[in-house]
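Scroll down for the structure; my scribbles are underneath it.
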Ligand SMILES: NC(=O)C1=CN([C@@H]2O[C@H](COP(=O)(O)OP(=O)(O)OC[C@H]3O[C@@H](n4cnc5c(N)ncnc54)[C@H](OP(=O)(O)O)[C@@H]3O)[C@@H](O)[C@H]2O)C=CC1
Ligand SMILES: [Fe+3]
């Protein structure tokens, strides 16, 4: 049966606003959306199980039975839970050719084998099902607090139906994002249920390293002196230990941003082709590199701030006063060591430059900035400047370590393992990168990446 005559695409704003929009369900979402539609100049009617007793519906909207309401409109928004869709079976006739907007969400990701919108399309095959509005909450529609969620994902198989819904979305001051056909509805329905999916692995890795290194520092710098020397060094927990943890974790995370790219290059070199899938773990790792880098930047920021407050710390002031008083008492002047001045200035300079490029990397990863550069420029900044940052930060840590070990007046036995932990991954990444950029390997990898080389291993 051809029902295309039943549905007339809405082309102009004038048509759009005069066309009646029907909402099935007078619950929270139905009422909020209806209210917003009325405010924006649309004519709204409701379809309800109990048209007489629906007293909470917004002023200016009439409430009818489902079949009567459906007859009066060409667009019907279903503000009803999927579990209650069964009643629609009795109205398939009147719903033929109408645009049915599915706004439903589920309680769990992939709760049903097929998406709610596909389920609806199967139940009312002659209707034009469009998925929309599920990412906007009733509360946000009511209170106008739409700052965080102005985007409305829209998908559907019928292009005109989808276009009409997108036009309505625009008249509400929201931004429609075309997600394609109903095949995308599963993803659209899962979207509001996700909790920072791309951030999970970075936060997990970062928390793991933070806890381990923090515990190591507390054990060696607080508990060990407490047990062996009966010394209370617990004040170190507030600033000294975090300021050891943040740079170490930051450097490790920055190296972990570049490690998957190197593993991928080694794999491609080994396989001799790019036409072969990476293992799943590598894919996931590659996808969360930006988030890893941003967490690393946050830790670098903390390290910078913690370092800046050093001079106003009681412990540091006491230590430096004591140092001067000791010289006076012993009538002794410690000589100025030129190489020591060089060493300490070098690690500070390397740290400042490393931090500067770190921030630059963070800024260029912002969508508004990355949109302003082309792909090659973006790759240049993220890759070349990224490696430069890694080199500077690794050098900063190495020189700082050298400063402590060679000339430091307070060399401690527990520092070398901490430096090894901080430097091992960055050093692996940098050495592998040095090997990969050897001209013959670099040429080969360029060939592979441009698809000129395929071999039997693919
Ligand atoms: N609340 C929110 O913030 C959001 C909700 N949604 C989606 O909107 C839909 C509605 O949610 P919400 O308004 O919160 O839910 P409510 O429970 O508040 O409202 C659901 C409405 O569905 C109707 N209904 C209930 N049972 C049946 C049935 N057996 N047969 C026919 N109609 C029935 C009722 O309307 P009546 O009595 O008039 O028939 C009821 O008011 C859901 O699919 C939800 O996932 C999407 C985004 C955000
Ligand atoms: Fe530092």
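Cβ from N, Cα, C; glycine included.
TrEMBL entries are annotated by machine, without manual review.
The feature domain 'Pyrroline-5-carboxylate reductase catalytic N-terminal' is assigned by TrEMBL to 20-106.
What TrEMBL lists as domain 'Ferric oxidoreductase' is 248-393.
The transmembrane segment annotation in TrEMBL covers 201-224 (among others).
The transmembrane segment annotation in TrEMBL covers 244-270 (among others). When Cβ-Cβ distances below 8 Å are used as the criterion, the transmembrane segment (244-270) is approached by residues 202, 205-206, 209-210, 213-214, 217, 278, 282, 285-286, 289, 292-293, 295-297, 299-300, 302-303, 306, 358, 383, 386-387, 389-390, 393-394, 397, 418, 421-423, 425-426, 428-429, 432-433, 436, 441, 444-445, 448-449 of the same chain, each at least six residues removed from its ends.
A Cβ distance under 8 Å defines the sequence-distant neighbours of the transmembrane segment (291-312), meaning residues of its chain 6+ beyond its ends; these are 198-199, 201-203, 205-206, 239, 242-243, 246-247, 249-251, 253-254, 256-257, 351, 354-355, 358-359, 361-362, 365, 386, 393. Sequence annotations record features per position, and here TrEMBL assigns transmembrane segment to 291-312 (among others).
Long-range neighbours of the transmembrane segment (347-373) within the same chain, counting only residues 6 or more positions beyond its ends whose Cβ lies under 8 Å from a Cβ of the stretch, are 254, 290, 293-294, 296-297, 300, 304, 307, 381-382, 385-386, 388-389, 392-393, 395-396, 399-400, 403. Annotation source TrEMBL lists transmembrane segment at 347-373 (among others).
Counting same-chain residues at least six beyond the ends of the transmembrane segment (385-402), those with a Cβ under 8 angstroms from any Cβ of the stretch are 247, 250-251, 254-255, 257-258, 293, 300, 343, 346-347, 350-351, 353-354, 357-358, 360-361, 364, 415, 419, 422-423, 426-427, 429-430, 433. Taken from TrEMBL, the feature transmembrane segment applies to 385-402 (among others).
Under 8 Å from some Cβ of the transmembrane segment (414-441) lie the Cβ atoms of residues 213, 216-217, 220-221, 224, 244, 247-248, 251-252, 254-256, 258-259, 262, 265-266, 269, 387, 390-391, 393-394, 397-398, 401, 404-405, all in the same chain and six or more residues away from its ends. As annotated by TrEMBL, transmembrane segment applies to 414-441 (among others).
Note: the domain 'Ferric oxidoreductase' (248-393) comprises 121 helix, 0 strand, 25 coil (DSSP; helix = H, G, I, strand = E, B).
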